[in-house]
Amino acid sequence: MPLLQSRLIGCAAARRALSNPSLHNSIRRPIIAQTAIATLSRRCYAIDLTSIDDKWRAKWKKSNGTVKPFDKLADNKDNYYVLPMFPYPSGTLHLGHLRVYSIADVVARYRSLKGDKVMLPMGWDAFGLPAENAAIERNVAPEKWTMSNMAKMKEQLELMNGSWDWSRELSTCDPSFYKHTQKLFLMLHERGLAYQAEAEVNWDPVDKTVLANEQVDSNGCSWRSGVKVEKRNLKQWFFRISEFREALLEELEALAKENAWPERVLAQQKNWLGKSTGASIKFPVLAMGHDIRAAIEVFTTRPDTLFGVQYVALAASHPTVAKLADSDPELQAFIDTIPGLPADSKVGYLLPHLRAINPLAYHEETPDATKVSLPVYVAPYVLGDYGEGAVMGVPGHDLRDNAFWKEHHYDAPVRQVLSASEDDSTTAMENEPFVEHGVMTEHSGSFKGKHSVAAGEEIVKLLEKVELAESVEKWRLRDWLISRQRYWGTPIPIIHCDTCGPVPVPDEQLPVKLPNVDWAETRSGSPLESSSEFVNTTCPKCNSAARRDTDTMDTFVDSSWYYARFSDPHNQDQPFSPEAGKTLPVDTYIGGIEHAILHLLYARFIFKFLASTELLPQYTEETYKSAEPFKRLITQGMVHGKTYIDPDSGRFLKPDEVDLTDPNKPKVVASGKSANIAYEKMSKSKYNGVDPSEFISKYGADATRAHMLFQAPVGDILNWDEGKITGVTRWLQRLYDQITAIAVEPYKKTMPARDYLAAKHESLGSASAKELAQWDTEAAIWRDVQRTIASVTASYDEVYSLNTVVSDLMILTNTLADNIKASPVVKREAAQTLISMMAPITPAFAEECWALLHPSSPSIFESTNFPKVDTSLTELVRPRVQPCAVQINGRVRGVVSIPPPPAELAGDELRDWMVKEILQTEEGAARFSGGQYDLRAAKRAIAVKGGKTINFVLK
């Protein structure tokens, strides 16, 4: 017995549907509970969205998905590459995953319906410390742990109704992938862009590995373990990203055009690259009792403030400090405390036997205050890896210097050597530093009255003559340290020979595979060292005994190029072929803003390098540095969960500690008091996590996707509220009722709705009142369909406004419901258009609706294209009447219904036309044809909003 997939509108509709053989044939499985036809004709049933998901996922699987694999599509289509940042296989998807992957799938389905040849691959960022640490805790191999998690997460991903091209699936821990990561390393090595050097590195004492600068936060803590990072000297492998720093900086301007990349990301990258133009200035020293003769070199971007220097501060790693610490145990003890101090600490150690001399002290016109010798401090706020590891302290013109000076010289005056203008008094500002450029003051000797920029340039030239300064350019960016002393990563393909030195592993011996090793959690250094079978080998050059490199690569190396591998994931000989490389760059890349510096900067560097090779022949020697891997970057906001907080203790409450009898008024079970509600980043400690799989099994994937997108603009934080999904489910129910009713109406298509309306418009002059009323409903539907197409298309293209797509579709659904007397040809075409517009967001639901209207048609994604705005009837379907607010001297005195004014009317002609139409209405004749509101006595009239408001000015 065939069953309908939705409750039907009215018993008559139900009976018609049950007698429709085409609908019988279209329904392959029951969506509602088994019910007798007689009962069905008397009752209404809610759609089962989860069963609709199951039904269409099974169909998609059988037919190889809703979107054909990229390489099976016609070549005459435009390529479009959509990519969400691939997940780390932790074993469980969270709502953040659901959001980013829903957005990516929506964009891909939309572009596919627009006629593009779309690629939407999926893979796994599988290497890294989390898997290794989890394996240690569970006493299992990282590979086994990772593979198990990938299988679980793939099942969860498939529940999202996504259109991933699984034929392109890759995993960074698969030797078939990391073979080419090793090739990439060797390509960089051959060009001198991968090198080994002794360096002071960031050492994570918990994870026992080296960290790149970008992996240490502003408090000096590891991005992963959270512990204070230590400094060690080790021989490490680096990628020479500094070779591309100018290109990385310059191309940010191109990425800013048309908002292709978010401004926040561009600002963070620009700040991290940190290009500064300034001067290196030498401060001679007076060292009492110590053999220190070298001047202290300071880099500054503000040489104009040199007259205001009141102290010099050195980083703990400065060579002078290291030399003095050998004979000063108090200094060494202070240095030992620095790793535990916050980055903005104002503490400092005054070096007792060292003073610095301002280089301007040797100039005869320098004020006496500037000639006084300067105290020298060791200060944690001075960065050892930026500039020269030394700072000239200018309390009058730098916020940090001012705070440090007041901490150590609270009663000493602050010298200000420039002000906003020559007339300003500096004494009134001495409590606050003046940090802008301005005019040099009387404390600047012969430079008084000059603008600070010009004065700074002259000061540098003056000191250059006596070799105490030179103009220099500095960058914050350092070469990318990629060595990691861990197991679960890509082995570095280098063999160390006592005779030949570091030798690249020959191409035919790749990949260098990870061995099976047993190693203890407490082992320092690389676990690979414990495998003699792995370590001991022969030199490819001289056949002597040699050792493999036992470091593995930073996992950001994998993600710096994986997007390119997706273009040719099964190529055994190359990372990807030049032909496959033509699909690059990625058109739309989607992921979190937390990757603004690390992943995105590294990917830009590697892509520029790849563009200089034969793998990407579309770039030339002149253009490769302008190559960018991602044309457009979409950064979605985080998903926050609802938390319940005890009003007394401020403690986050567990689910069983909250009484949710009234969800709007939660109470603390223990005290009966009202619990405070807040939205916070989801975490176990806040008891506000949500399992997407459970949510999908309860409401269905399509409703979950629509709810996710509808709740907030893509770039905003999303405060997850399960209760609000009822608005989405009711909308889908209401729409399905309408589609079902339309599907069972007698219908014979003789012409498109456009031609039907054009023909009907010609006979409106002789139409009856009933026929005119029907015309109004049909014109209203046509107008709203075209409005919705325009608005929805713009929102899909913009991506960040996907929430308005759902709201626009809801409005169109209401328009259909409000105009049920329209002809079947208009309603059916409008319904088809609505379904095709919602298909990217609710694919299974759209398939179900499409099947009702087109029982013998294939998938909606193969049967139709995304609609385009049709402006051919714009004038014909204008409303016959519209409300017009009549104002007298600026105050509304009534509302009448009149036709929209002809577009060509203006001025007196428009006024006369509107007066005539208003007075022809019943209310207009009664209120505005005489007395104090007689429109015919108006001195002038102003019509706005297309005639929807008119203001008459009377005496």
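Cβ atoms are placed via backbone N, Cα and C, with glycine included.
Summarising the annotation, TrEMBL assigns domain 'Methionyl/Leucyl tRNA synthetase' to 83-218. In the predicted structure, the domain 'Methionyl/Leucyl tRNA synthetase' (83-218) carries a mean pLDDT of 91.
Taken from TrEMBL, the feature domain 'Leucyl-tRNA synthetase editing' applies to 270-463.
The annotation domain 'Aminoacyl-tRNA synthetase class Ia' is assigned in TrEMBL to 477-640 (among others).
Distant neighbours of the domain 'Aminoacyl-tRNA synthetase class Ia' (680-720): 49-50, 52-53, 92-99, 102-103, 105-106, 156, 159-161, 262, 634-644, 652-655, 727-729, 731-732, 799-803, 805-807, 841-845; these residues of the same chain sit at least 6 beyond its ends, with a Cβ under 8 Å from one of its Cβ atoms. Sequence annotations record features per position, and here TrEMBL assigns domain 'Aminoacyl-tRNA synthetase class Ia' to 680-720 (among others).
What TrEMBL records for 780-900 is domain 'Methionyl/Valyl/Leucyl/Isoleucyl-tRNA synthetase anticodon-binding'. Across the range of the domain 'Methionyl/Valyl/Leucyl/Isoleucyl-tRNA synthetase anticodon-binding' (780-900), the DSSP-based residue counts are 66 helix, 15 strand, 40 coil.
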Cβ pairs under 8 Å between the domain 'Methionyl/Valyl/Leucyl/Isoleucyl-tRNA synthetase anticodon-binding' (780-900) and the domain 'Methionyl/Leucyl tRNA synthetase' (83-218), at least three: yes
